[in-house]
Amino acid sequence: MKPKKRQMEYLTRGLIAVQTEQGVFVSWRFLGTDHETTAFHLYRDGKRITRDPIAESTNFLDQNGTADSVYQVAAVNKGREEKLSKKARVWQENVLEVPLAKPEGGVTPDGKPYTYSANDASVGDIDGDGEYEMILKWDPSNSKDNAHDGYTGEVLIDAYKLDGTFLWRINLGRNIRAGAHYTQFMVYDLDGDGKAEIAMKTADGTTDGKGHIIGDEQADFRNEQGRILSGPEYLTVFKGETGEALTTVEYEPPRGKLEDWGDGYGNRMDRFLAGTAYLDGERPSLVMARGYYTRTVLVAYDFRNGRLKKRWVFDSNQPGHEAYAGQGNHSLSVADVDGDGKDEIIYGAMAVDHDGTGLYSTGLGHGDAMHVGDLDPSRKGLEVFQVHEDATKPYGLSLRDAGTGEILWGVHAGTDVGRGMAAHIDPSYKGSLVWGIDPPGNDGMSYGLFTSKGEKISDKAPSSANFAIWWDGDLVRELLDHDWDGTIGRPKIEKWDAENGCLKTIFQPAGVLSNNGTKGNPVLQANLFGDWREEVIWRTEDSSALRIYTTTHLTRHCFYTLMHDPVYRLGIAWQNTAYNQPPHTSFYLGTGMKKPPKPALYIAGSKAEAPL
């Protein structure tokens, strides 16, 4: 049975050109809609510079290129050359700077000033031109973890084109508290018109991108501790092009009894997650969630014809769902884990099926990190690697079958394992290596380094368990982290030296900072343009701009853009959710890999012709 085709966004070739010491590095997309035999001719200044079509990669080093050169690429199918792509001018360095309209700070009701810094971002094509726009969250300097009292500044959401053109700003208002657990924003084409929408939790006083107020503009539900434990809660879908509110419904589930969520002061009640999933296998649905320490509720919606229609509700308080309480993480993942072509929600140590029924619960409980992908390519299907917080549970680290919940192996820790990573970092071992560490980053001696089969290959694991990134030209994944001095983080990309058991820094740009304190997150990591390698975005020290860094390493490996992989693309959508986690692919990408399967997709909207 052929899988259903999934709705996907229209993308151009994403051609980029970067000046290097050896010449001009040129890179472009191989699309999920391309035939596997598609090859490419490259043009410089209107003249073809390739004698034969390039068939084995989608990058090229033009040793005769200059800083003033202009490039185009054309696909070649069955000997016939297609239209030329959009023109690409040469970057002088491997970075694109996106200027920002930094907002002014303010003063809280108790007289304390605050400023803003650029925080999490997502991307989507909000105008249908095949190029990504940036949706950015501004974080006030007084943003709070839920465990802490205090007023916060207002959360702002901006939209920019990648040339820095400011498009609109949404102000979530005084009745949305600032912090990693409060605002999770989904950027995705939810209705299939070829243009992405933005969906997130709102409240009385939220101002949309057109200046319209949602609810009661004068309402102020903050208590003396700066918390918001009463008043209406909403879910709003905004038009991507303008930031205009398209529809607003009551946020489900409502607060109910504070104690149901795990405490009596509003900490665990206000733990929100969000994701996008193809619950019918063809079109995306919005999934909004509340709670994971005890009560856990997920609600799925379809956005069609300008309205939100509820698809299902999963509530751990429902009879028969008791085993699903207290299993969620500070993040989630989305993938078809049971092979039926429809997505499931992997919610920490549990999973919810595409139809809103419980798929399984391992009972191992809450954790701070989780990775879902083809971690063990010798097995059929996907796996989940997770670290766990409850010292009384049998495992502090576990690897399970993503579809059944079967624990394949685990490691007893007897303590809260704070961070964990799964990535193919050593070509000597097929599949991912996995490890857990305790922040702020010890050497992993307490848990060790394991293969996906559970073989302990070293007492010493990498000290980094933050993000993994495909950066250089081989199939081994690098690690993305930062140097933390107690107040700020200096981002870096490192490569694992298995022979010497250490990390070696291969890229560390100046003038940029990491996000989210000790977590060291980028603004966003995603395959934004060029070939299949990933870009990474960090903020400048003063948050006056974002800097998008791309690799200039040549590679002979050729895959379709990761943004056309179903698991990876949805990973970009949920990356901003709470404790940011890196995206993974639906297939094993690493040493000894098989050729990735061609994704089953169709292009949404009016741009269904072959992209340029």
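Numbering starts at 1 and runs along the chain as it is shown here.
The backbone N, Cα and C atoms fix where each Cβ goes, glycine too.
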* To do: Look at the substrate binding annotation in Swiss-Prot, where Asn119, Asp139, Glu154, Arg174, Arg222, Arg419, Asn516, Gly517, Thr518, Tyr579 are given, and name the residue from Gly192, Gly205, Gly403 listed for that site too.
  => Gly205
* In the chain carrying Asp340 (Ca(2+) 5 binding site), residues 6 or more apart in sequence that have Cβ under 8 angstroms from it -> Gly281, His354
* Within 10 Å of the Cβ of Glu389 (Ca(2+) 4 binding site), how many other Cβ atoms are there? -> 19
* Asked: Relative to the Cα of Gly517 (substrate binding site), which of the binding-site residues Glu131, Asp374, Glu478, Arg533, Asn580 has the closest Cα?
  -> Asn580
* Neighbours of Asp338, Asp340, Glu344, Asp353, His354 excl. site residues, C-beta within 8 Å of centre, Ca(2+) 6 -> Asp336, Val337, Lys342, Asp343, Asp355, Leu359
* To do: Out of the binding-site residues Asp127, Asp191, Phe529, give me the one sitting nearest to Tyr579 (substrate binding site) by CA distance.
  => Phe529
* Least Cβ-crowded entry, counting other Cβ within 10 Å, from the binding-site residues listed as Asp189, Asp338 -> Asp338
* Asked: What other residues of this chain sit with their CB within 8 A of the center of the CB atoms of Asp472, Asp474, Val476, Glu478, the recorded Ca(2+) 8 site?
  -> Trp470, Trp471, Gly473, Leu475, Arg477, Lys495
